[in-house]
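**Q** Pasting the relevant annotations from TrEMBL:
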- 20-41: transmembrane segment (TRANSMEM)
- 48-67: transmembrane segment (TRANSMEM)
- 73-89: transmembrane segment (TRANSMEM)
- 101-120: transmembrane segment (TRANSMEM)
- 145-165: transmembrane segment (TRANSMEM)
- 194-213: transmembrane segment (TRANSMEM)
- 225-243: transmembrane segment (TRANSMEM)
- 264-283: transmembrane segment (TRANSMEM)
Amino acid sequence: MNVLSFFPLFVTPLLDGLSWGVMLVLIAMGLTLIFGFLEVVNFAHGGFYMLGGYMVFAVISAGYGFFAGVAGAIVIVAILGILTERLLLRRSYDFGPITQLLIMVGLALAIEGAVIYIWGEQAKGVAIPNMLSGSVLVFGSTYPIYRLALVAIGSVLIIGVWLFLERSRIGLVIRASLTDKEMARAFGNDIPTIYTYVFASGVVIAAFAGALMTPIRGIGPGTGASILLQAFIVVVVGGLGSYRGSVVAGLGLGMIDVLVARYISFRLSGITIIAVLLVVLLLQPRGLFGVKGVMEE
């Protein structure tokens, strides 16, 4: 029997792993940007992901379309991100990481409490938009168009952020500031404003991922904590502050998560991810690409 005849059997789980891995990269990418530049561990990151999903649900419930919901999620979370950095975090930079941790944990709890108050404790879901519904044939196996769209959209965003950090003037300022913020300020760069934009960008990316994943996984009050844990694992495995590490770890762990759940046991998938984390930390305590900075040579 031709070995290639078995290939269609593996197409679906491999593409599922890829689509989930790309979303994990997006979520972890926001954490990495915020930690790499602001040196703040954003414990509210999962909450912003959750808000992205709830915004889509709210906009669709109001009678508008899915893409209007995604746009609404981006705008609302961008505003919240700007306010969070300017009103909460900016006052904490001189007080150390413990103060920042308490602020972000408090914000995470506030977001969770707000969504329970507004939308209740029941999980919510939305339908896949009509223009992206249905399936196509991929290597002899039918596969949902929406999941392929997730891979394409996520990949474009990942590459776009990398090009922005690597090639643009603002990206150069961000990278220079990682090494010496005072020197970057001496050249006339407005570091506080860059802080605001980096934080807002990081949480918007998380909300965008949350909005895109809601038609597949739904959204609920506990989603934020679950996503935060998975994103932290990706960031730690990849290396704190390493953009490249987040990409590699996110894709790898997403694939492992889906394949273990599909072929071994759903309950073992989470344990396997934790095992990978422990092995990496034992062999490489700083993670796979653990250097200080968002981008490294």
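Every residue gets a Cβ built from N, Cα and C, even glycine.
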**Q** What residues elsewhere in the chain lie close to the transmembrane segment (73-89), defined as a C-beta under 8 angstroms and at least 6 residues from its ends?
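**A** 38, 40, 44, 48, 51-53, 55-56, 59, 100, 103, 107, 195-196, 199-204, 206-208, 210-211.
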**Q** Among 101-120, 225-243, 264-283, which stretch has the highest count of C-beta pairs below 8 Å with the transmembrane segment (145-165)?
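**A** Between the candidates 101-120, 225-243, 264-283, the best contact partner of the transmembrane segment (145-165) is 225-243.
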**Q** Are the transmembrane segment (194-213) and the transmembrane segment (264-283) close, by which I mean at least 3 Cβ pairs under 8 Å that are 6+ residues apart in sequence?
**A** no
**Q** Taking the transmembrane segment (20-41) as the reference, which of 48-67, 225-243, 264-283 gives the largest number of Cβ pairs under 8 angstroms?
**A** 225-243
**Q** Restricting to the same chain and to residues at least six past its boundaries, which positions have a Cβ under 8 Å from a Cβ of the transmembrane segment (225-243)?
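**A** Sequence-remote neighbours of the transmembrane segment (225-243) are 24-25, 27-29, 31-33, 35-36, 43, 45-47, 49-50, 108, 112, 161-162, 165, 178, 206, 210, 249-250, 252-253, 273-274, 276-277, 280-281, 286-296.
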